[in-house]
Amino acid sequence: MDALNHALLVGAVLMFAGILLGGVSARFGLPALLVFLVVGMLGGEDGPGGIAFDDYGISVLVGNLALAVILLDGGLRTRYATFRVALGPSLSLATVGVLITAGLLGASAAWLLGVDWRLGLLLGAVVGSTDAAAVFSLLRAGGVRLNDRVAAALELESGLNDPMAVFLTLTLVAVLSGQMTEPATALPLALFKQFGLGLAAGVGFGHAIGWVQDHARVGEGLQALLLASAGVLVFALTNALGGSGFLAVYLVGLTAGNRERPVGEGALRAMDGLAWLAQSGMFLLLGLLVAPREGLAVAGPALLLAGILMLVARPLAVWLTLLPFRFAAREVAFIAWVGLRGAVPIVLALFPLLAGVEGAELIFNITFYVVLLSLLLQGTSLAWVARRLKVCVPPRPEPFSSVPLDTGAGEAFALVQYRVLPESRAAGHVPATLRLPERCEAVAVFRGGLRFTDLAALRLEVGDIVSLLAPAAFSERLAEWFRSDTGPFAAREVYGDFTLDAGARVADVVSFYNAGEVPPPLAAATLAEALERLLHHRAVEGDEVVIGNLHLTVREMVNGEIRKVGLKLLRPAE
């Protein structure tokens, strides 16, 4: 009993300290996951805590459970609209990109370390996947919002590349441990079985779980636990049948999260907490498991390999895989830099240890340094790099609160609240004059502790909290009215001083502003049509073109269509 209490005490202290220090570290741009890793190391056998922990079986079990929860949460938050923007690029990054990264890093490892090429390739597969959850949490902490094309590519890549990295790792572990003697014949069948079963189980069970979520009479506090337990069930069942549980659980979240009646905000917040618990627990476990003194012998080669991964292998893989999709050079550069390594490599590095593969400890120690350096360099510089490469768009304010409303059937509605920020479109206006999206209505304003429901003549002031009744899917569009136009990447700085309807004709706009000649192919085109022709890819907010002396920027997209365009007037010399 004393040993149990001691373990609980130490675990609670480590988690408590990690959470507190993580909140402080965010102010300095340090990833919270790095803090949990360091706290775990301090509690380990080489730190003041002195805890000797080397149970790889428990570590793999905890790691798989954590990854299932993390991928489920990622799927729940991914919208189908994201696929329209970046499905092709993301699939390319998650498959061909992982293979190129693993191959380049594997060859480098085999040469630098003097090991078998298969062991080098195993290292490449282990560190081949990226962690978008960590990327987006760091960007949010830095007040940065990426344009939809870059954000969608990163989000989908991270959800889809985990199954590929797991498949490569398990295949190479089987080859190195002698369990797969004829990989040339077994590999295609294993690939088809893994991804075929994962796809079928994920989509099928996703619809079933969504139906259960709609019809089961479960308290709001239990909805997230229902989702999490169902996701882990599908993950384990798919793995038992020989499929990819990682792909299945991600697709379960994706399918269940995109039904007509979406998962409630309360359940999503609870899932976010579970995902953070999973990630932080995994990094604490890695910190306890790693013995820095033992890894010092390979620190030099490990750091060199981490540099090759970040500066050569990842950038080259991204450039080659995105070449057919006409991404801007600055977007390719940013995607190449944000290949942040996080939770998945930690778990994958344990598989060779558990299987008794010769050289597995070398793989684990190098993975530790790769993850550590990735968090230190890439994690701390994300917001700065995003601003320097201009892949940002003005940030949207998060709702002050959002409460889903039970409408019985049909379209889901929510009661959302936004705070009126300085220089926002709402400040100084009467709610009725805001021209909110259809079926959206301001129902109350809170000011200085008082509630106002007669809004016919009430002008909004900075600091007011506005309650709005709106379709649940309209939250992002409503944020446009409450976005501040101050600070870096403010709306006026990005879009210009004028906002035009995308249906306006190019010729009329050029004539009105006396902005030069209209190219003949665009003479009869609307602004939206002109942007789509000149961009050569699906438009997203923040895309820019120049026509004559007009600098046009996509300002607002609705259901994949350009609705509003920002305008800057250029001097003739420009």
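From the backbone N, Cα and C atoms, a Cβ is placed for every residue, glycine too.
Feature annotations, courtesy of TrEMBL:
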DOMAIN    403-484  domain 'RCK C-terminal'
TRANSMEM  6-23  transmembrane segment
TRANSMEM  56-76  transmembrane segment
TRANSMEM  88-113  transmembrane segment
TRANSMEM  119-139  transmembrane segment
TRANSMEM  191-212  transmembrane segment
TRANSMEM  224-253  transmembrane segment
TRANSMEM  273-291  transmembrane segment
TRANSMEM  303-322  transmembrane segment
TRANSMEM  334-355  transmembrane segment
TRANSMEM  362-386  transmembrane segment
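Under 8 Å from some Cβ of the transmembrane segment (88-113) lie the Cβ atoms of residues 119-125, 127-129, 152-153, 155-157, 160-161, 164-165, 168, 298, 301, 304-305, 308-309, 312-314, 316-318, 320-322, 324-325, 327, 335, 339, 362, 366, all in the same chain and six or more residues away from its ends. Only sequence-distant pairs (6 or more apart) were considered; of these, fewer than three Cβ pairs between the transmembrane segment (191-212) and the transmembrane segment (56-76) are under 8 A, so the stretches are not in contact. On the 0 to 100 pLDDT scale, the model's mean across the domain 'RCK C-terminal' (403-484) is 81.
Sorting each residue of the domain 'RCK C-terminal' (403-484) by its DSSP state yields 14 helix, 27 strand, 41 coil. Looking at which of 224-253, 273-291, 303-322, 362-386 has the most CB pairs under 8 Å to the transmembrane segment (334-355), the answer is the stretch 362-386. Listed as Cβ neighbours of the transmembrane segment (303-322) (distance under 8 Å, sequence separation of 6 or more from its ends, same chain) are residues 89, 92-93, 96-98, 100-101, 104-105, 108-109, 112, 123-124, 127, 153, 332-333, 335-337, 339, 366, 369-370, 373-374, 377-378.
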